[in-house]
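Undergrad: Have a look at this one before I ask anything.
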Amino acid sequence: TYELDIYWDHQIPLPKLAPVQAKVTVALLALLCFINSYDGEFVFDDSEAIVNNKDLKPTTPLNNIWSNDFWGSNLSSNSSHKSYRPLTVLTFRLNYLLAGGLHPVGFHVLNIILHAVISALMIDVFAILIGGLAYDEKGGMLNHAPKTSLLAALFFAAHPVHTESVAGIVGRADLLCALFFQLSFLTYCKAFNRGRFSIQWVVVSLLLCTAAMLCKEQGITVLVQSLFFFFFEILRTGLLTRLALMGLGGLSMLYARWRIMGTGPPAFTEVDNPASFAENIFLRIVNYNYYYSLNAWLLLCPWWLCFDWSMGCVPLIKSATDWRMVWLLLLWCILIGLISQALCSQDSQRRRTLTLGLVLLVVPFLPACNLFFRVGFVIAERVLYLSSAGYCLLLAYSLGHCCFCWSRFRKLLCVSVLALLCVYVARCALRSHQWRSEQSLFTSALPVCPLNAKVHYNVGKNLADRGNTTAAIGYYREAVRLHPTYVHAMNNLGNILKERNELIEAEQLLSKAVSIQPDFAAAWMNLGIVQNSLQKFDEAEQSYWNAIRFRKKYPDCYYNLGRLYADQNRHVDALNAWRNATVLKPDHSLAWNNMVILLDNTGNLGQAELIGREALKLLPNDHTIMFSLANVLGKLQKYKESEGFFLHALRINPNAASCHGNLAVLYHRWGKLELAKKHYELSLKLDPEAPGTRDNYNMLRRKLDQLKRHTP
């Protein structure tokens with residue numbers, strides 16, 4: 001235990017708050033910055049990680065989260081991203097369980113609370129990094145840099161680069177990783193309480209480090225942070241034991257992670273990370289360093305924020321004469337200057353603060369820097385969550401040093417700090433609001449990354465999902481123009497053109513998509529639908545089989561193949577295709593219904609009845625199958641049963657004109673003429689142009705008139 005002279009701390013223009021007051025202040029600021037995201041939707045990556053992730057559902061065995069990746073895919077699958085974060089997925093599952101389903105409010109609220117807790121705990125982390133370990137007589141930890149640690153924590157709480165991690169639910173991984181990172185570091189420090197070394201606390205620290213790693217991969221970097229910290233401590237108690245435990249623990253975690261990943265890194269494409277596919281090693285290094293400079297700029301000036309930085313958003317540097325080389329040189333000049341001060345300064349306190357600040361800035365970023373393995377992104381704001389703590393520490397130190405050296409400008413510096421925090425809060429509020437919906441999130445990216453094909457694609461997809469296909473076409477076309485091999489944009493554009501009956505262009509786009517990516521099953525299926533509409537039956541059949549070849553379990557493709565066979569009067573083939581669809585997807589309503597209708601139309605009423613009843617066991621509230629089965633039962637003269645299914649279908653969908661019309665036909669045959677008249681009139685009221693209903697109604701009226709005339 002010893003004390004350091006933090007000579008600049010008392011000059012910082014902040015009040016000296018009690019520890020609890022300081023933590024509450026920081027937590028409240030964190031809440032203020034991101035509270036308006038609490039009622040946001042599931043956006044962007046939330047769809048895959050949460051909405052479509054079966055591991056969240058109570059019906060899925062809990063053990064699955066230990067064998068699947070963050071997105072719900074099996075780790076052994078070739079398509080897996082190998083992101084192993086079971087503890088994060090477990091919290092998603094608990095959110096799902098507590099909310100009784102996919103209600104985003106609970107997910108968002110927990111993220112905001114986590115950020116507030118992490119921000120408050122940063123005071124303790126910063127205090128130890130700056131002022132070292134010191135204890136009072138009762139064994140409580142002392143803070144020798146209360147103002148500097150508070151200022152750094154305030155900057156951290158309000159930094160706008162955190163918006164993706166807090167307002168985006170998948171950012172939970174970064175939040176939990178940071179929380180366990182802090183707890184592991186603070187627990188490690190407890191191992192040296194008042195000069196005594198405790199192996200138990202080191203073991204607890206390693207367990208918390210493991211938890212951090214099971215939330216997100218970069219959690220293991222806390223070991224490096226801890227080791228660097230204790231190089232500056234005068235305590236050498238248990239040095240060899242400590243190093244052995246940390247080294248053994250770290251190697252064990254890395255080995256376990258390597259085995260879980262399948263002893264190989266995930267496979268990413270050039271679209272995900274173009275610099276890693278550059279022609280030579282020089283261009284790769286240059287572009288990687290350019291990415292580092294852009295990450296540094298996001299910390300310095302977090303105004304241009306974007307949900308995705310891939311697909312042309314950051315064009316590659318392909319020549320040493322590119323003007324952007326200036327940013328690389330500037331970044332390394334600043335880093336070399338800081339490193340030289342950290343190593344060579346005569347001021348020991350400056351050496352300590354700069355070194356530990358740089359370690360906290362750089363080390364958590366290492367897993368995302370392409371140095372050890374290829375990553376699947378160009379820039380990702382969420383990976384800066386932990387690294388930003390190092391930046392905030394360096395910023396607070398710089399301001400404190402300025403206040404010490406230029407004390408006559410103390411008021412100006414005070415105003416500058418306040419202004420910076422206000423700008424941060426305003427930017428966080430604006431950016432959090434943009435993250436509340438996909439529409440605002442995607443459109444906010446257009447001025448930031450106008451060359452990003454994925455931005456245009458997502459804007460177009462969002463418009464199409466909301467029914468504005470005309471506007472969506474323009475964005476899809478722009479996405480294809482910016483990235484001519486963007487097969488997903490071609491597929492979606494082809495689908496819209498298919499619905500607008502612009503079949504020739506749709507066929508051209510989809511054909512190009514499958515020529516670029518021959519295993520694109522969805523594009524093959526959509527191409528088959530278009531070719532079927534163009535009456536190119538042989539080509540359509542081949543396209544469907546190509547889709548099934550590349551995606552073995554593809555019920556929708558079997559359904560469309562069945563429609564093709566039905567159009568060609570290949571009834572047995574159609575029934576087999578639809579049966580395959582229902583085997584793969586037992587709740588495939590359209591396939592079941594088409595089987596009943598086809599069997600009905602071909603006179604196989606007994607088989608149609610069996611299929612209809614089988615379908616209703618699986619889909620007891622499907623009114624379309626009830627309607628089709630009721631028609632079959634009516635033809636079999638099972639009038640009472642038929643009536644029951646018609647009435648049940650109408651209770652579910654009371655405005656179905658065809659159901660009223662066919663029920664009227666049933667009553668007409670059954671001899672219940674007044675009921676027939678009632679339902680004919682209801683059908684015509686709902687749909688005056690219903691085919692055949694007007695003629696049947698007129699026929700019934702004539703019959704009723706005849707009965708009245710013959711009634712004495």
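Every residue gets a Cβ built from N, Cα and C, even glycine.
Copying in the features that TrEMBL gives for the protein in this structure:
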- 264-336: domain 'DUF1736' (DOMAIN)
- 453-486: repeat 'TPR' (REPEAT)
- 487-520: repeat 'TPR' (REPEAT)
- 521-554: repeat 'TPR' (REPEAT)
- 555-588: repeat 'TPR' (REPEAT)
- 657-690: repeat 'TPR' (REPEAT)
- 112-135: transmembrane segment (TRANSMEM)
- 201-232: transmembrane segment (TRANSMEM)
- 238-256: transmembrane segment (TRANSMEM)
- 288-305: transmembrane segment (TRANSMEM)
- 325-344: transmembrane segment (TRANSMEM)
- 356-377: transmembrane segment (TRANSMEM)
- 383-400: transmembrane segment (TRANSMEM)
- 412-430: transmembrane segment (TRANSMEM)
Undergrad: Looking only at the repeat 'TPR' (487-520), what is the mean pLDDT?
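TA: Across the repeat 'TPR' (487-520), the average pLDDT comes out at 95.
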Undergrad: Do you know the DSSP helix, strand and coil residue counts for the repeat 'TPR' (487-520)?
TA: 27 helix, 0 strand, 7 coil
Undergrad: With CB pairs under 8 Å as the measure, which of the listed stretches 201-232, 288-305, 325-344 comes out on top against the transmembrane segment (412-430)?
TA: 288-305
Undergrad: In the same chain, who gets a Cβ under 8 Å from the transmembrane segment (383-400) while lying at least 6 residues past its ends?
TA: 8-9, 11-12, 122, 125-126, 129-130, 147-149, 151-153, 155-156, 159, 161-162, 165, 171, 174-175, 177-178, 181, 218, 221, 295, 298-299, 338, 353-354, 356-362, 364-365, 367-368, 413, 417
Undergrad: Hey, which bits of the same chain come close to the transmembrane segment (288-305), Cβ under 8 Å, at least six residues off its ends?
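TA: Result: 159-161, 163-164, 275, 314, 317, 324, 327-328, 330-332, 365, 369-371, 378-379, 381, 384, 387-388, 391, 424, 427, 431, 448.
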Undergrad: Same chain, outside the transmembrane segment (325-344) by at least 6, Cβ under 8 Å from its Cβ: which residues?
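TA: Same-chain contacts beyond the flanks: 286, 289-290, 292-294, 296-297, 317, 350-351, 354-355, 358, 394.
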Undergrad: Helix, strand, coil: count each for the residues of the repeat 'TPR' (521-554), based on DSSP.
TA: 27 helix, 0 strand, 7 coil
Undergrad: Tell me the residue counts in helix, strand and coil for the domain 'DUF1736' (264-336), as DSSP assigns them.
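TA: Final tally across the stretch: 36 helix, 0 strand, 37 coil.
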Undergrad: Which residues of the chain, 6 or more past the ends of the transmembrane segment (356-377), have a CB below 8 A from one of its CBs?
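TA: Contacts with the transmembrane segment (356-377): 81, 129-130, 181, 217-218, 221, 224-225, 228-229, 232, 265-266, 268, 272-273, 275-276, 284, 288, 291-292, 295, 309-310, 338-339, 342, 383-384, 386-387, 389-391, 393-394, 397.
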Undergrad: Please count the residues of the repeat 'TPR' (555-588) that DSSP assigns to helix (H, G, I), strand (E, B) and coil.
TA: 27 helix, 0 strand, 7 coil
